[in-house]
Amino acid sequence: MSRAPLPLRDDERLIFALDVPDRVQALDWVERLGDSVAFYKIGMELLASGEYFQVLDELARRDKRVFVDLKFFDIPATAAAVIKRLSQWPVSYATIHGWHPAMMEACAAANSSDMRLLAVTVLTSMGRPDLAQMGIDREPVDVVVERALAAQAAGIDGVIASGQEAGPIRAATGAGFSIVCPGIRPGGPVGDDQKRTVGVAQAFADGADAIVIGRPIRLAADPQAAARAIQQEIASALAAR
């Protein structure tokens, strides 16, 4: 059975994508952002450095929440073994693929901590033509909602999905299911590789629990000021819903 969304403070609903190649740069960003960011996503680029779990420990020591975004996908027994080990670390969110019901059920059963598992639905860099190339000739929203319902039935705690699909997911799954939205663009589309993007206020109005933002903060002239501006927008959006 899916567990209720994490009891997040408003400032923990902004997750910064720590997309850097090594520990030194990761911790430099944590210092630069200070208390403007309380939640960090660490992914595949950092894993390749061999310093992934050192960074995870450092974040936990600084009282930051951690989102492990490694999109685990394997046979059920192997994926479950990974989740069992990962649940021993101070992790708030972790991603698995949302394509395999038996694997999702095994992962849900193996999670022995407060970590919430999020199923990856359709990457925000993909549109309908990309799905068609994979043999799925359907609109992304239909695939996302179908996978969200399958994840919920398997006992997974939520999904990671475009803010464009947050409303349909919330309508289909109800209030007790976590929705985390990447590809958020506070100032609108910026012409990068993200195709299905929305703004901060829209994501929360449609039911998102948290958002993931990387480049709009990282590439800002003043990253801490950019993060604080997003925090203010989140607070306003939450107050309005």
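Heads up, the Cβ atoms here are built off N, Cα and C, so glycines get one too.
Because the structure is a prediction, the values reported are computed rather than measured.
Here's what Swiss-Prot has on this protein:
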- Lys71: active site, proton donor (ACT_SITE)
- Asp19, Lys41, 69-78, Thr124, Arg185, Gln194, 214-215: substrate binding site (BINDING)
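Location within the structure of each feature annotated in Swiss-Prot.
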| residue | record | DSSP class |
| --- | --- | --- |
| Asp19 | substrate binding site | coil |
| Leu70 | substrate binding site | strand |
| Pro76 | substrate binding site | helix |
| Thr124 | substrate binding site | coil |
| Gly214 | substrate binding site | coil |
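Of the recorded residues, Asp19 (substrate binding site) and Lys71 (active site, proton donor) place their C-alpha atoms 15 Å from one another. The Cβ neighbour count for Pro76 (substrate binding site), using a 10 Å radius and every protein chain shown, is 17.
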